[in-house]
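Student: Residues or ranges marked as 4-amino-2-methyl-5-(diphosphooxymethyl)pyrimidine binding site by Swiss-Prot: 40, 41, 42, 43, 44, 75, 113, 142. For 76, 95, the entry in Swiss-Prot reads Mg(2+) binding site, with the evidence type sequence analysis.
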């Protein structure tokens, strides 16, 4: 069952997102201990794990999340999400159609990326629990990212559909969260702000402060 508070501090990570001196397990556990509210396993890039290696890692990270009662979401990979019985899946505009995914994930969390008004207009949100809007700011984590849309896009979507849960993504750090919250976002999703933080506990707690009012 989806709760929009899951979106508050939403951590996204894969093996290519962590510094060389740390493992993804260490980074995720530190983030979980600090209080992230949702985790998305996003294994992308030239060095991304595939096949059984990816499956094994996904199961290990899922187990970690469940020890802390944090939902485990898979990015894009429908077959992996089904195989490990993930808590949900997040897809982009070019990935599998949401309607088809909903057949397999009737009681799971489904998230959809939307970058602009055109994508919003052509998206079927019937089975979608939340949308990921961005990139809000320029981001180094996604080489194929769209032009930054700014917090204003969140405000626009909230005006169009006040009940739709929205998580912001793209270039977010502890210094630029305030305009996102003011625009009406239910949470922020970050990659490098947490994965490359020198003090993950401090970073996560600063993010949490924006949503604990």
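Here the Cβ of each residue, glycine as well, is placed from N, Cα and C on the backbone.
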Student: Reported as an integer number of Å, what is the Cα distance between residue 43 (4-amino-2-methyl-5-(diphosphooxymethyl)pyrimidine binding site) and residue 76 (Mg(2+) binding site)?
Tutor: 9
Student: Using a 10 angstroms cut-off on Cβ to Cβ distances, just flag whichever of 42, 44 is the loneliest among these binding-site residues.
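Tutor: Fewest other Cβ atoms within 10 Å, among the binding-site residues 42, 44, is found for 44.
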Student: For residue 41 (4-amino-2-methyl-5-(diphosphooxymethyl)pyrimidine binding site), what is the secondary structure by DSSP, using just helix, strand and coil?
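Tutor: The three-state answer is strand.
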Student: Reduce the DSSP letter at residue 113 (4-amino-2-methyl-5-(diphosphooxymethyl)pyrimidine binding site) to three states and note it down.
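Tutor: Reduced to three states, the DSSP call for residue 113 (4-amino-2-methyl-5-(diphosphooxymethyl)pyrimidine binding site) is strand.
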Student: So for residue 75 (4-amino-2-methyl-5-(diphosphooxymethyl)pyrimidine binding site), how many other CB atoms are inside 10 Å of its CB?
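Tutor: Taking every protein chain into account, the count is 21.
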Student: Tell me, how many other CB atoms lie within 10 A of the CB of residue 43 (4-amino-2-methyl-5-(diphosphooxymethyl)pyrimidine binding site), whichever protein chain they belong to?
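Tutor: Its Cβ shell of radius 10 Å holds 24 other Cβ atoms.
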Student: Could you find out if DSSP has residue 76 (Mg(2+) binding site) as helix, strand or coil?
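Tutor: For residue 76 (Mg(2+) binding site) - judged by DSSP and reduced to three states - the answer is coil.
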Student: When you measure from the Cβ of residue 41 (4-amino-2-methyl-5-(diphosphooxymethyl)pyrimidine binding site), how many other Cβ atoms are you left with inside 10 Å?
Tutor: 27
Student: Count the Cβ atoms, other than its own, that fall within 10 Å of the Cβ of residue 113 (4-amino-2-methyl-5-(diphosphooxymethyl)pyrimidine binding site), considering every protein chain shown.
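Tutor: Other Cβ atoms found within 10 Å: 22.
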